[in-house]
Structures are given as C-alpha cells and as structure tokens.
Amino acid sequence: GPCWLWALALGLALGPRRCPAAPLNASAAPPERCRRPAACERLRFGSCLGSALPYAHTSTLLAADSGSQEEAHGKLLLWSGLRNAPRCWDVIQPLLCAVYMPKCEDGQVELPSQTLCQATRAPCTIVERERGWPDFLKCTPDRFPEGCPNEVQNIKFNSSGQCEAPLVRTYNPKSWYEDVEGCGIQCQNPLFTETEHREMHVYIAFSSVTISCTFFTLATFVADWRNSNRYPAVILFYVNACFFVGSIGCVAQFMDGARDEIVCRADGTMRLGEPTSNETLSCVIIFVIVYYSLMSGVIWFVMLTYAWHTSFKALGTTYQPLLGKTSYFHLITWSIPFVLTVAILAVAQVDGDSVSGICFVGYKNYRYRAGFVLAPIGLVLIVGGYFLIRGVMTLFSIKSNHPGLLSEKAASKINETMLRLGIFGFLAFGFVFITFGCHFYDFFNQAEWERSFREYVLCEANVTIATQTNKPIPECEIKNRPSLLVEKINLFAMFGTGISMSTWVWTKATLLIWKRTWCRLTGQSDDQPKRIKKSKMIAKAFSKRKELLRDPGRELSFSMHTVSHDGPVAGLAFDINEPSADVSSAWAQHVTKMVARRGAILPQDVSVTPVATPVPPEERSNLWVVEADVSPELQKRSRKKKRRKKKKEEVCPERRAGLSVAPLTPSSVPRLPRLPQQPCLVAIPRHRGDTFIPTVLPGLSNGAGGLWDGRRRAHVPHFITNPFCPESGSPEDEENPGPSVGHRQHNGGRRWPPEPLPGGSGVTRTRGRRAGLAPIHSRTNLVNAELLDADLDF
C-alpha cells in the first residue's frame, strides 16, 4: 500500500514536468525522425575539437569510418586541417561533432539537422574539390532530416580558423583565394622568394637609364624645336615621350612606401581584379600610365614607319605627302590606347605584381593579356615591319636606279639612313619577339604554376594536421616556379625599346645643337660657320627687296631663323636635288644683283598689280608682303589647268597660218622703265644669209603678220633675252630703219607685226592672256612676255 502510494505521488509529481516538453514545434520533426536506435556508450573524451560536450553518452553509429571513440577522435584531428580555411572551419565544427560524437540517450542517438549540413557546403567547397564528401557526411534526408534540433548546435567553439602562409586572413570576399574562404594570397608573390624580390627591384632600378636616354632625346628636340618640329622626325619626339612616361610609371614604386600602396590591398593581400570601390586608385593610376604610354608608343612606331615610307617615295619632288595627315596621326595614336584602357578598366582585369612593382593587365587571367597586349603588339609588328621594309627598298631603289642624279652628299646620307634603319628595325623587331617569347612562356606554364601553388597550400594544411596528431611534419615547397631570368628579359625588352628609340639623336648634329644652346644661354658667340641653303638665302633677299631698293649697296644679314641647321635626327632630312648646303662668298655677294635682275626691285613710282587700275601710294607698301602655302590640291589643279591650256594652244599649222594679230591696246598700268640695250655676245655676221631674220615670209607681204607672229620669239635677236646677235644692224637695216618708236618694246626689241594686215585688224586672238600676242613657245622670251603683259602678277 504505502509503496503504491509513493509511486503514484512520484508519477503525479513528475508528470506535469514532462508534459510541456512533449508538444513539438510546428517546424520540428517528430521525435522518431530525429532519433535513431543505437547502442550508447559513455564518453571517453569530454571535449570535441577543444570544446566541452554537455552530455555524457555518445555513439559511433553515425560515423561510418570509425568503429570506436578512439578512431572517431583520430578522424576529428584529421579534419582539423580545415583550420586553414577559417570560414569553413567555423561552420564545419558543429557538424563534425554532431556526427563523430553525437548525443546518445535511452538507446537513441540524435541526428543532425539538414540546416546544419547545408551550412557547410558553400564555405567548404575545397573539401568537395579536393577529397569529396564521404557518404555519411552527404546531406541526404535520411541522415540529416529537416527541422531536427541538435544539442551540439548550442555549443560555442572557442577555436577559430587561421590562414597559413602564403595565405593571410581577410574579410574581403574579393580577396579570397579560390575555395579557401576567409584567406587571400599575400601581397608578396609566393612564387618568388624574398631574395628574388630584392634582386628584381635592383634590376628595375636600371630603368633609370631609359629615363635618362629618353629625357635627353626630348630635351634635344626642345632645344632646337624650330628645326626639329618637322615630320617624320618629330614623331620620334612623341615615341620617346611615351617611353619616358611609361618608365616613370615603372620607377614610381621606389618612392617611400609606394610599392605596397600600388600592389597591395589594405588587408595585406595582392591586388587582383582592380579597380574596386573600397581601394585606393594608386594601382589604377600606375596601370594607366604604363599601359597607355606603351600602347601609344608602339602605335607611334607604326606612324613613324609610314611617314618614312611616304617621305622616301617623295624624295626629289616638291610634293609633301604628310601635309594634312599629321592630325590623323594624333587622332589614331591617342584614341586607340584610350579605348583599350577604358575597356580593361570596365572588365576589371588590372592585377598587381610585387615582382615588377606595377599593376598591369592579365597577371592572373592571361587571356586578357593576350587580347590587350600581344594582339596590338603583333599587329604593330606586321604593319610597321611592312612600311619599314618598303622604306628601305625605296631608298635602295633611288640609290641603285639613279646613281648619276645623286650628289655625293645625298648618296652618303642615303647609305647612312639605310644602315640606321636596318639597325633600328633589327633592334625593334628583336625586342618585340623577345616580348612575345616571354609572354608565351608565361601562358604555357601558368596552369602548372597554379597547380603547384595549390598543392603547396594543401601541404601547409597537412602540416597543421601533423602538428595536431604528433606525426612527422611534411616538407612543403612549390615545385614549379617561374624563372626570374625570363622576367628580367621581359623588362629588358621594354626598357631596351625605349633606349633604341632614343638612339636617333646620337649624332654629331645633336652636339652642335647643344653647343648653340649653351652659347645662347650663356650669351657667348658661336664662332662656327653657318650653313645657309641657297633657297632660303634667295627668299630672304626677296623679302628684303624694299630695303635693297632704298640702299642698293647694303649687305644682307641672315639671322638664325634663315640659317639651316640639321635637326637632331640627322640623315632623315636630306635633299637629293641640292648638291651642297655650303654657299660661296662670291655667290652670296651677288644675291642682291640677282634679285634686281629678276625684277624684284622696282622704282618707287612703279607698281605692278594684277588689276587694270593704278595702286594708290599708301597701299603700295602692302604689295611687297607675299605669304603663300600652296596645298597639294591647289598644285594639282594648277597642273591640270596648265595641261588644258597647252592642249588649246596646240593647233594645226593650217589654222595658224591664217591668223593675224590685232594691235596692242593701251593699258592704264604704268610700264616698267626702258632698260638699256646690252652688247651682243657674238661676232657680226659677214653675210646676210648668216642671220636668222628672214626679210619676207612665204605667202606674206612686207610687214605682214601671219605665221611670222607665232614664230618671231624664237628667232628675233632681242638684246636681253637673246644676246647672241649682231652688235649692229646690217646696211639694209640702216637704210630701212623699220618701225617707229611706237612699234618698239621697252627693251629695244621690235614689236611684230610692224603694222596691221591690209584689209582690217584681222582675227582677234583669244588664246593668250592678252589680245594681240601670238602664243609663247620659247622659254627664252618668258621675261619679255611677263614685262609686256599688264595683267601679270609678279
């Protein structure tokens, strides 16, 4: 009786406590689904992965690879290698303890929930990729039912993950190493040792040689910019400017703390996939400086070879092939690199490299480097090489096909230019091929390097496991690493290209430029004799014709703007038509007389103008200033006009024989003063038949025009234009003095015909510029025709 009453009281007392725990949550599974029958045994290890367990019994039923608690404990130590993946380690610890050391009570073992299993899939992708999940850890519904609470979920694990070198801990998802969430690659490239880094940085410091050479080239061009600013030589100025700026971007890393700022992120990881919103722009700025300058420089190289090719084809002519095209050079050269740079920044493929100390495209993804670096450089190699070879062939053709037309100086310059072009082309193509070879070396071996690095990271994880299990620690090393020598050769190709571009100013002309510059800066006089081109001296004399008119005895002084110096790029600016640039003193002293003889110096009261009205005195001063820049299009139209005029003048003799010439019409423009007659240069002919003046033409009477008018210029012995004439007339001429003064020209020559044809003034000629004159067929009388024509503009 009393025992029964005691049992009843105990049941009533315990009943209310257990009843509230019986109802399950709406999301929780029934108790029979969250448990499984198993043999419970007392825990031999009171902790799991360093954290104390809140229960005393467990079972090895859920861990298929363990038959005892000792085996389960050993397997947990093996799984501890995931400490090197911090985010994975944070979520996998509860799962491992719930499987290897689950709670077991009353012959029932608790099953972990589906949520606990799924939480480990994304952070622990390295397990799936490297080993694969074992079957008992796969998130199947029978092993991991939905909505089952687990006692292990309430445990707070004290051990947190860590990142073994060469990985560092970071909370930036963009810095995480693949499949290892929470860790990123350290800023210093792990494929190279610390010693190799220092050696490479010392090597990069030698890029200052490129900076010095290119800067010297730029300074040389600027010092003599007036003579150097000519295409195609000035293109070398832009090429050297591009390589100078690019070299500045490479050595910017040597400023205090600049290298880490350029190639490292704030969390100590390597910059990959720039630009990003939460990082500084130092990496992007260095990339733009280096890449944009490099691409602009190689495109300028194409423009240089094209300019050489077209300029060499136009040697010996007045045609300027580059006139009007230089603006397109700038448009193409500056716009294409800009588009490529913007495209790279848009796809965020700028990576930092601690070895080179710069940011560039495609250090991680080599496909972008092939598309944005090798493809443009390869195209430049093909196009530039074509124009360079054509230019050399053109020079060789000029030298071999026209040896008699070339002066000794021009031939020497052609030989020098061909030699320099050959050396320059060899260096340029050699450096480009070296660059291609280094990049292909990277492309073919990058996958192997990445695989070796991944194995090294896994080996470091095994070191952690060996430390936990007191097993021998394995030796970890990166088996396949890139060659430092190849990296040096690649940088040497870049710096060597810049140096080769600067060699074009390593000439004697550069020394003379700097000597003149030093004399100009210090105020000293330059005692070197000046070389003046005849064309520039004549142009200077014509421009000073007003001063020469006022003072005929004065001597011309030529300023430095008239003196023709060789530019720094000697050998490219040569004239195959001018035998020498030196001018003799006798020739220079007679320049003023030549200008006067050509009709450039006129009396003050005489004005020659293309209009038919006199020019007022106050406007005559402006008539002497003539500035013209004839474009190729205007020259082409002028040539077409001359050809059409020549075709019109070519008429048959039958039509020309019946023409007559109308008398000259008076002009309101003042005529030039009559020049004195000059003595003849031949002896007096002894016989009448020796002269070239026929008395009467066939079919015409005395004094008639006709065919004689068209041919008179080739035979009439004028005293100025044709001095090879008798010094005095024949006796017949003395008896018949000929036409009166009104029928004579200003130079003393007779005007033909002496009187109009009988029966009228004849047919008016309209082919020439003035009525009354026959077509001009002789260049010897061109001066006479110009002086006669009142409408001609001198």
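Numbering starts at 1 and runs along the chain as it is shown here.
Placed from the backbone N, Cα and C atoms, the Cβ positions cover glycine too.
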Cysteine of C48, C124, C139, C148 paired with C97 via disulfide, per Swiss-Prot: C48
Per Swiss-Prot, V350 shares membrane side with E448: yes
Cysteine of C88, C104, C117 paired with C40 via disulfide, per Swiss-Prot: C104
Nearest-integer angstrom distance between the alpha carbons (Cα) of C459 (disulfide bond) and C163 (disulfide bond): 13
Cα-nearest neighbour of N462 (N-linked glycosylation site) within the listed disulfide-bonded residues, C40, C97, C163, C359: C163
The compositional bias 'Basic residues' (637-647): DSSP-derived helix, strand, coil residue counts: 11 helix, 0 strand, 0 coil
Intrachain residues whose Cβ lies under 8 Å of the topological domain 'Extracellular' (349-371), provided they are six or more past its termini: 187-189, 192, 196-197, 200-201, 204, 249-250, 253, 259, 262-264, 270-275, 283-284, 286-287, 290-291, 439, 442-443, 446, 487, 491
By Cα-Cα distance, the member of recorded positions C124, C148, N278 nearest C476 (disulfide bond): C124
Three-state secondary structure, which DSSP defines for C264 (disulfide bond): strand
Fewest Cβ neighbours within 10 Å, where candidates are the disulfide-bonded residues C97, C117: C117
Three-state secondary structure, which DSSP defines for C117 (disulfide bond): helix
